[in-house]
Structure formats: structure tokens, C-alpha cells
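J.: The structure that follows is given in the form of C-alpha cells.
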Amino acid sequence: MARLGESAGHRAYIVDGDESHRAHCADQLATLGISTRSFASGTAFLEALPRLAPGGVLVDDVLLDMAGMVLIRRINGLSARFPAALMSGQSDLPTAIAAIQAGAVDLVQKPISEEALAACIENLQAHLMPEPEPLEPIESADERLARLTPRELAVLDGIVAGLPNKKIALQLGISPRTVETYRVRIKHKLQANSLPQLVKLALAARPAGASRPTPSRAAPATGHQASGHQAI
């Protein structure tokens, strides 16, 4: 695994009431070249915040003194130099949406693998770096969604609605494995590395109350589609 922090000197802060989990995260980050400082409570981190150098913050969802999302809101209200990710035992859609609304830039599910932690840290680092002057106009959320096929849009609607793969598969008349394949394609096309990013992009492209119809089973194939050449 590449050492992410060697060249840029990045650091991360861990806020978690579980001492063993704090130590585990710190050990994993050390192997990535990330220097860390740990805090057992949200209050302790907020008290130290004015004296801390900029860095990403890993926040447990259940702290000793406050909810993790409450801490993330307070961090964002005090400084833009500390992008935060929520560590949670849940990674479902409601949790992802709540994390986004709290101001988290990522959601990482516990237990956290080294690969997931590395991806999360890279995301936090990206929010720390000054954005370069774009050479081309940045695509809007609507422009990104325009890359998707009708079937991919139907799967995305199911994801945003919080439906499990099996339910989406049943409504579209495809297999759960095919739904998972579509999910991977959608994340790649939309350049979304996590569920919160995917949901945030979908919601940005679709104003409240302007959702598309609920995904439904595809009509029976005819013509060329019946011969196995159905467009997706």
C-alpha cells in the first residue's frame, strides 16, 4: 500500500471513544505515512481545534459526549480546514444522507479495512488541497447524469430511494448481480467514490419534488431486443 502522506506531510485526527479502535486506526494510518492525533471525545477535539494544523478528521458516529454528526456540524461551523468523515457501523442510504447533511465528505463503514481507510483519507486530503484552476468547465450534476443510460438511471433512482439490490432487481426484472454491476458502472460514470458522493450528486441534479417515476419492470423485449441485443 502506498504511503499517502510522505510527500505532502498530511495528518489526520481520530475522534473515537473506543481506545482500542483509536489505536487500530492510528496504526493503519501510520502504515500509510499519515501522522495522527487521537481524541476520546468531541469536546476534547473542539477544545484543541484552534491550535491544530489543518487535517482530515475521522469521527465515530457515537461519541461519549455527543453524536458524531453533531461534532461534524460544529467543526464545519468553526473552520473549513478540517474536512471530516463519519465512521459508522451503518452505511445505508439514510445514514449516508444524514452524514452529507451534517457536512461529512465521506462515510466509512466499520470495521474499517486498510483499503477503505486509505480511500477515505485520499478523499479527505483532496478536500484539503487548493483546487487547481480548471482547464475545462466543470461538469454540472445534470451533465454527469446525462452520461447514464435509461436503465442506469432507473437503478440510480432505486439507490436514492433506499431500495436494496434485490428490490431494485425485482422491479426492473433483472438479477441482483446485474444491479450490482450497474451500481459499479454508475459510480464510475459519475466519478463518485462513495455512497454519500453518489447520493449528493443525484440530489443536486434533481430538485426536491422532481423525482422520476419509481423504477418498474421493463416491458417485454421485441424485435432485435428479443434476440439478445437489448440495449442497456
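Quick reminder: no glycine exception, Cβ is built from N, Cα and C everywhere.
Not my notes, these are from TrEMBL:
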type	residues	note
DOMAIN	11-125	domain 'Response regulatory'
MOD_RES	Asp60	4-aspartylphosphate
DOMAIN	141-206	domain 'HTH luxR-type'
COMPBIAS	206-223	compositional bias 'Low complexity'
REGION	206-232	region 'Disordered'
J.: Identify, in sequence order, the residues in the chain of the residue listed as '4-aspartylphosphate' that are 6 or more apart from it along the sequence and have a CB within less than 8 Å of its CB; answer 'none' if there are none.
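T.: The list for the residue listed as '4-aspartylphosphate' reads Val15, Asp16, Gly17, Asp18, His21, Gly68, Met87, Ser88, given in order along the sequence.
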J.: Going by DSSP assignments with H, G and I as helix and E and B as strand, what are the residue counts for the domain 'Response regulatory' (11-125)?
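T.: Split into helix, strand and coil, the domain 'Response regulatory' (11-125) gives 56 helix, 26 strand, 33 coil.
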J.: Work out, from DSSP, the number of helix, strand and coil residues along the domain 'HTH luxR-type' (141-206).
T.: 50 helix, 0 strand, 16 coil
